[in-house]
Amino acid sequence: MSGHKKRVYPEAQYQYGAQPAAPSQGFPPGPAMSPPMQAQQFLTPAQQQLHQQIDQATSSMGNMNLHNVPVVDPSTFYQAGVASPPVAPHAVAGTQYNEQPYGHMSIGKPMNQLYPIDLFQELPPPITDLSLPPPPLLVPAERIVVPSEEANASPDYLRCTLNAIPKTNGLLKKSKLPLAMVIRPYLHLEDSIDPPPLNMDGCIVRCRRCRSYINPFVTFLEGGRRWRCNFCNLANDVPQAFDMDMQGVPINRYDRNEIQRAVVEYLAPKEYAVRQPPPSCYAFVFDVSQNAIKNGLLATAARTLLESLDSLPNYDERTRITILAVDHTIHYFSVPLDEEGDHIRMMDVVDLDEPFLPMPDTMFVSLKDCRNNLEKLLSQIPDIFQSNILPKFALGPALKAAHNLIKGIGGKIIVVSATLPNIGIGKLNKRNEASVANTSKEASQLLSCGDSFYKNFTIDCNKTQVTIDMFLASDDYVDFASVSNLGRYTGGQTHFYPGFTALNMIDVTKFSKEFSKHITMDLSMEAVMRARGSTGLRMSRFYGHFFNRSSDLCAFPTFPRDQSYVFEISIDEQIVRDYVYLQIAVLLSQNTGQRRIRVITVCIPTTDSLAEVYASADQLAMTVYHSQKAIEKVMSSGFEDAREYLDRSVQEVLATYKKEIAMSNTAGGAPLRLCANLRMWPLLMHSLTKHMAFRSGIIPADHRAAALNALESLPLPYFIKNIYPSVYSLHDMPDEAGLPNENGEIVLPQPINATSSLFERYGLYLLDTGMDMFLWLGGDAVPELVMDVFGTQDIMQIQVGKGELPILENSEFNERVRNVIVKLREHDDIITYPTLHIVRGASPSEPMNHASAREVASLRLWATSQLVEDKVQSSFTYREFLQSMKTKTSK
């Protein structure tokens with residue numbers, strides 16, 4: 001940030017291809033594009049849409065083309081929780097049709113309108129759509145007790161695949177669209193960040209029949225003495241306490257949080273708990289076998305835990321910790337109270353079949369009372385085992401031992417391992433990948449659970465409120481597919497660090513940051529989550545990391561803050577009402593010693609119009625749902641069936657739209673028609689087939705299993721980025737990009753499409769998958785650009801692979817690029833810290849057999865596999881995929 005003069009890179013001297021469009025010009029403007037009206041910026045999204053409806057009605061009545069169109073006051077409608085209005089598609093070059101809403105639409109209540117588009121005319125696809133909110137939930141004011149922007153749940157918490165619910169199961173099946181919701185009850189790793197309002201008076205009003213919680217969409221009856229449940233229609237009495245505060249002073253019930261807001265939290269009274277909320281409890285199981293010593297994992301994990309002790313959740317100072325070291329033996333540590341001395345004893349148990357607990361009272365200890373001795377132990381553990389050459393790792397017996405220590409209270413078992421479990425119960429063998437990789441037997445033989453222990457043990461853990469998290473860091477096979485079941489069924493997670501070595505500070509930084517954020521996120525225990533639907537709706541399938549205790553109850557020994565869930569919904573009977581309701585309730589014990597209930601409610605309009613169903617479909621939520629079904633297909637019938645399922649789902653929707661909507665409402669010739677709110681959905685579905693979780697080809701089993709595991713639980717924004725990476729052109733980014741704005745926030749450049757057709761051979765690009773970043777430097781980049789970014793003019797001197805950019809004091813551009821990377825790594829809602837991989841593009845001047853040729857080729861292949869609009873191995877480009885869909889739907 002010195003007085004360094006901005007450099008203009010002379011890219012024009014290279015003639016390898018057309019200059020890519022600036023990020024704000026993702027595709028050329030068409031003749032039909034018009035500037036937005038300035039007045040609209042002062043309207044709410046609902047008001048803006050309704051103004052458009054009124055304009056259309058007024059214009060039509062003036063022309064005597066439409067009759068009996070009601071004039072609606074736009075101020076009587078609220079669209080809660082959505083920041084932007086429904087966006088009509090931008091006209092693009094070559095568009096030959098008039099984009100007007102069409103189809104059979106409801107009269108008398110506001111609904112989203114259908115805007116037709118031609119998918120071929122939308123190429124390259126407008127990726128800014130990926131950051132748009134879903135189609136709005138338009139709910140009239142008379143449906144809400146106290147109309148407000150917070151009366152309906154934000155899509156950050158809950159997104160339904162359809163924001164207009166079909167009134168019959170027949171219409172749902174006819175649409176070929178899924179009905180499900182994507183749920184994320186907690187939005188941050190720490191509960192103190194932007195919490196919902198908390199009711200502390202102990203007055204929790206619920207329907208006595210369906211047990212739903214009172215919410216902004218109920219109806220008060222008989223002068224306010226009773227309320228009608230909007231879920232089952234039962235009239236309930238209003239308790240006297242509802243109109244009083246905690247001191248018994250009368251209050252206005254319409255000011256209550258649960259009446260004004262869709263997301264609210266209650267301090268639960270004692271009848272919601274079977275015991276006193278337990279303390280936060282952690283059992284750390286450290287692999288101390290040869291692999292963990294050799295790659296430095298043990299030392300890294302011990303040091304990170306030591307440095308994180310101050311940040312462990314310990315609000316009530318009741319947090320307890322135990323540490324086990326494991327090779328072929330279970331090593332317990334007896335840690336005395338600080339006031340009783342500092343003599344720490346290590347006790348070894350070699351009987352793996354029936355491990356006993358020597359002196360359990362001194363092994364599961366208070367963080368507050370034993371803090372100094374815990375620090376001493378963590379600093380000594382790497383030295384104690386530094387000479388260990390034993391290759392055995394008894395994971396199963398260690399888990400049972402840790403479970404025995406904490407089962408009386410519950411909590412987390414956190415395993416840090418570099419070795420395949422190879423002794424004792426749960427022993428696993430290396431699988432023969434070469435013979436079945438990329439065949440029909442791959443899923444059944446490489447991704448199935450190798451030992452029933454890893455599923456059966458989770459039943460015991462759920463009974464005793466114990467979650468298991470795994471951190472696997474190795475350059476060898478660890479059978480991710482088997483051990484990840486431990487977290488999958490206990491509300492936990494499995495994290496994977498292939499090729500980890502403490503000799504590489506990039507690996508150390510990634511592991512340390514993620515491990516630290518994981519163990520310091522807020523811990524809630526004894527959690528259950530239940531979803532309710534109003535009459536006609538039923539939760540039928542559940543996807544995510546939890547234990548499905550009953551038909552509609554999901555159990556979590558501890559509740560994570562960085563995962564999401566998918567619930568499939570069935571329509572069991574004809575819906576007669578104009579609106580339906582969904583409600584999520586999470587009951588848990590916080591580490592503050594409080595029992596709390598978080599309630600999330602959403603109101604969704606219903607329809608008997610197929611056009612309105614399509615106009616309200618949420619393309620991002622649909623993609624998440626289909627990924628869960630595809631994962632099911634992988635495990636039941638293999639990868640080929642999963643890819644066919646994804647392609648067939650797109651084909652069926654396109655065919656249905658063509659037959660039921662487009663053909664009956666338009667004349668002439670768009671080659672491949674769909675509605676604007678779904679125009680990115682075929683791209684996302686096609687991108688899924690190219691993801692490591694599903695694509696064909698020889699992929700190491702651990703990597704494949706880890707990719708599937710991530711898709712099971714990633715929150716929606718990170719899920720979308722993982723399957724369709726964000727790509728930024730840096731060498732020509734706007735002047736303000738990479739610098740702080742007036743609020744101190746780093747400005748990011750606009751992303752470009754994930755295709756190599758926009759890459760120049762002299763350019764600098766950043767690809768961000770949320771898990772990894774690739775900084776791609778064109779092989780023919782000018783020396784000035786190379787110098788400004790890397791501090792050298794010789795492109796061959798740049799170290800490729802995992803790395804970080806050097807800090808160049810006199811290069812503003814270097815600082816701007818680093819700022820962009822830092823900004824993309826900033827998260828308070830997920831633990832992931834993406835590794836940066838520096839990739840050098842090909843060049844005719846590149847030496848044939850330079851020292852890093854093999855590594856560079858591998859990196860290029862990995863990076864270009866993220867450009868999902870291109871061919872990835874034998875797959876179609878996105879244009880070819882659309883052409884194949886056109887052919888199939890024309891038959």
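Every residue, even glycine, has its Cβ placed from backbone N, Cα and C.
The region 'Zinc finger-like' feature in Swiss-Prot is assigned to 207-232. Residues or ranges marked as Zn(2+) binding site by Swiss-Prot on the basis of similarity to another entry: C207, C210, C229, C232.
The DSSP secondary structure for C229 (Zn(2+) binding site) is coil. Put plainly, the binding-site residues C207, C210, C229, C232 were compared by Cβ crowding within 10 Å, and the winner is C229. Predicted-model confidence for the region 'Zinc finger-like' (207-232) is 97, expressed as mean pLDDT.
Within 8 Å of the centroid of the Cβ atoms of C207, C210, C229, C232, where the record puts Zn(2+), the same chain has further Cβ atoms from R208, R209, R211, S212, N230, F231, N233, L234, N236.
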